[in-house]
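Here is what TrEMBL says about this protein:
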REGION    A:1-60  region 'Disordered'
COMPBIAS  A:1-12  compositional bias 'Low complexity'
COMPBIAS  A:37-48  compositional bias 'Low complexity'
DOMAIN    A:76-274  domain 'ABC-2 type transporter transmembrane'
TRANSMEM  A:87-105  transmembrane segment
TRANSMEM  A:117-140  transmembrane segment
TRANSMEM  A:161-185  transmembrane segment
TRANSMEM  A:197-217  transmembrane segment
TRANSMEM  A:229-248  transmembrane segment
TRANSMEM  A:299-319  transmembrane segment
Amino acid sequence: MSSATDSSATDRSATDRGVITGVLTGGAGDGRGDNRGGAAARTATGSRAAKRPGPAAERRRELGWPQYARGQFLLSWRVFWRNRRSTFIGFLLPVLLNLVVAAPLRDKEIGGVNAAAYSTVGFIGFALVTSFINLLNGVVARRDDLVLKRLRGTEVPATAIFAGQFGAAGAVVLLQVLLLGGLSVGWFGAPLPADPLLFALTLVAGYLLFAVLAVALSGLTRSAEAAPMVATPVLLVCMFGSGVVAPLSSMPHWLQGPAHNLPLAPVVETLRTAWFGRPFGAETWSGGALARIDLLHGWQHAAGSLLLVAAWTAGAAVLGRRLFRWEPRHG
Amino acid sequence: MEVRDLHRSYGDYEAVRGISFTVARGELFALLGTNGAGKTTTLEVLEGYRPPSSGTVRVLGRDPYARGTLVRRRTGVMLQEGGFFKELTVGETVDAWRSFLSGARPAAEVLGQVGLTERAGTRVAQLSGGERRRLDLALAVLNAPELLFLDEPTTGMDPEARRITWRLVQDLRAAGTTVLLTTHYLEEAQQLADRVAIMDRGRLAAVGTVQEVLSGHRTRITFPLPAGLTAAQLPTVLGESPAVEDGVVVYTAARTAPALAVLHGWAASRSVELDGIEARNASLEDVFLELAHERAGSR
């Protein structure tokens, strides 16, 4: 842009702003924003002198919680796809692993279902963990870069800031579920989910658990560089100790008890129960097919796992209240 | 805006130790002080980041900590250091902020005001320090705030950016915006502020208009010691004897004109030339130095 245009933009911003906005930032969403800003801008610049607490202030359009959350959602969404690391870990990793690890199992069976489809549900669960890592990195980076502090200095309530960030990461998970699920049905010959409601509920509950855990553990993470030190153990335990690919029964016996009680295991188990309509949890490679169960028995089977997820979430929330910080530690 | 007997501690450390002041609507109030004087802490309490340890704070008639959203719809905050998403461009950052600020003004208008129009397509990570400060300022004034908090707004800016910032602040003031500013550039306070408060170790050492704070501080009159004279031959002026430092004669006078009249009379009667005579009113800097001096003396 020439410097002549630049100086005119500075001097005549009030009168020519429509044109200049068009030239400058004619990106998505700009037209919408301009219409909204128009009336307020006229009060703001045209008659700034008349800025009294009275009519001018009332004419201003005041946003509410849904708009705050929406703005935060779109911001987080854009930043997620702009950042290569988050796109890779948060989006591509579960999908790639599914192709590499689950696909070769498609000639095997476990518990009466296709082993590749079985593992795919495991990777859907695993996507919650990558989204956890992603949120942990995101929260720590935002805190250390003082973005959280800046956001908190605006009118946006803290709940909307979190809702936007959780929402964006959740939308990524949803995208992965559709992709992995479609792959499983289309390629591995998996049936459609037997109990979509239980599946969705478990997914949401599991997502919330890991999202809250990410916020809680951000408080233990001193810096963005230290984030892998917190994230990697969680990732490894969830990858290999929660029945993502192989059933828990193939682990050493003494490890199975603790593994069943880790946060991801009950989520994966219940997702499988909901998808295949069979009571997963004690399946083995050599064991026979699990009996089909109806919806009611599916929920009964899932109740214990869901309670365990709720307990983990509550624990994480308590921890989060104690540990979460808006600003980096001084010094 | 009203602050009454504000205290704020961090653990054992008492950063603010009982300060009171009010800022009227439309006024530009500057908080001055050295690092660690408690300026930023005071500002953060007013911005609603933290509650006071004791005392009360009212901003636009409300408690900024308890009624955050309500108060902040009408305020703008420029932190001493605030972060951006490095992945976004300047334009995208402003657009994102517009999506969640009530009454946000058009992006082009605000970018024009801070002189960043040309940089709209640049990633934030590529901005210079001064440009980042101006983006900071753009976000702070985006919602046409009634009350603007500026925490050391021009630190790290080059003279051109500082000029842009001062002009913007003056425009906002002219339009009726109330501004609370912290700075350690005394010149900035002298240029912009209606009233200033000098903070020292968590307390207010002086509050008032620049004139008031300066009054009671003396004018310095200096001239090179005329050739052929010794210090002993110099007159007393309004009861003050001069000091001679490195061949420069220094008088401090409570009243400038009479002091000069006495000196000129003396010079005329002796046929002495007072080449290079200068009378300089006390500046905030002098007040500052005096405070620092007193503090050193009181230890």
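For all residues, glycine too, the Cβ spot is worked out from N, Cα and C.
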State the residues, same chain only, that lie 6 or more residues beyond the ends of the transmembrane segment (A:229-248) and have a CB under 8 A from a CB inside it; answer 'none' if no residue qualifies.
101-102, 110-111, 119, 122-123, 125-126, 129-130, 132-133, 136-137, 213, 217, 220-221, 255-256, 259-260, 262-265, 268-269, 283-285
Report yes or no: does the transmembrane segment (A:161-185) come within contact of the transmembrane segment (A:299-319), defined as 3 or more CB pairs under 8 Å with a sequence separation of 6 or more?
no
Leading stretch by Cβ pairs under 8 Å, where the reference is the transmembrane segment (A:197-217) and the options are A:87-105, A:117-140, A:299-319:
A:299-319
